[in-house]
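Encoded as structure tokens, the structure appears first; notes follow it.
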Amino acid sequence: MTQDKLIGPGKTFLINTLSNQSILAILALLAVLAIVFIVLRLKRFRNNMPLHIVRVSIAFFSLYLTGKLLSQFIELHDISIVTPKEINFLFLVAIVALAIRECFLFADHFRRHLENTGKNATSAQIITRVIKIVCAISILLMFGEQFGLSFAGLLTFGGIGGIAIGLAGRDILSNLFSGIMIYFDRPFNIGDWIRSPDRNIEGTVLEIGWRTTKIMTFQNRPLYVPNYIFSTICVENPGRTRNWRIKTSIGILCEDVDKIKVIVGQIRDMLKKNDNIDQSQTLLVNFNQIGDFSLNILVYCFTKTTVWSEWLQIQEDVYLEIINIVQKNGSDLAYPTRKVFLEQMAKQ
């Protein structure tokens, strides 16, 4: 009995196939895949741009070399399970996916750079999204022929797709163009506090997307508003006000009419000496109304700050000072009262 018969036909085929050359090819393939995995997992390369470029270059070259080695191995040993063309296609998909991923990472890194250098967050976000779209389209056009799509075919597909989207996705297009108009008109930016008198919309803008704008309400609930809504409603942006107003009416007891002039003058002087009040804006303190049970003093001024918490604190200090002035002058704040006069009847 021969050696082939003792070993068996299946094992003989395996021994003949795994020659020294094929073993070296498999080892090289595993080594390249290990290099790709290790390089992609090294996070310390991500914070250094030159090293990051080297890392990405190694990953691209390793994927390309792996695809070539695997294709040659399959072609050399006539493996019928998968063809070299299919292997090349799979690795091409991996290369394209890696290229798009790196472009997106670069765009995000560029956005953070813009924000750190003082660029408006809304502008940085729009620029980043435009970069991502341009990169993705460029990569697809660049490798389109490798997937069996010609440049003319891609343009034709884009035209037909545009017509289909125009017919079936009018709301999507409406939101998209409204989002673009929000960017150019700039009624608000990311971080602004906005509200609408037409709708129950109020909160801080967190994100301006292609389709919706994300707003965080003061109840800490995210509110997603379709962009086209902003083209049909009025939007108030309190965050862009240069000053915040303090306006109130102080009611003094009617019997203290002789003290009104002194109280008004002291309140006016107090506001003029307050460093938190903007003296370049309108400042009014006047006795302006005789009420049913009080003598009313109008207080009208503007703070320098536009921060809500600071404005509340300044308003509180002003109110306490006003109460102190009223009480120092021997008067008090009025409240609804009714006086009953009883006429004593003459004794019979």
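A Cβ is built for glycine as well, from the same backbone N, Cα and C atoms used for every other residue.
For 130-169, the entry in TrEMBL reads domain 'Mechanosensitive ion channel transmembrane helices 2/3'. If you look up TrEMBL, you'll see 171-238 marked as domain 'Mechanosensitive ion channel MscS'. The domain 'Mechanosensitive ion channel MscS C-terminal' annotation in TrEMBL covers 249-331. Feature annotation from TrEMBL assigns transmembrane segment to 23-42, 49-67, 87-106, 126-143, 149-168.
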The domain 'Mechanosensitive ion channel MscS C-terminal' (249-331) [mean pLDDT, rounded to integer]: 93
Counts by DSSP class (helix H/G/I, strand E/B, coil) across the domain 'Mechanosensitive ion channel MscS C-terminal' (249-331): 41 helix, 23 strand, 19 coil
Composition by DSSP (helix, strand, coil) of residues within the domain 'Mechanosensitive ion channel MscS' (171-238): 21 helix, 23 strand, 24 coil
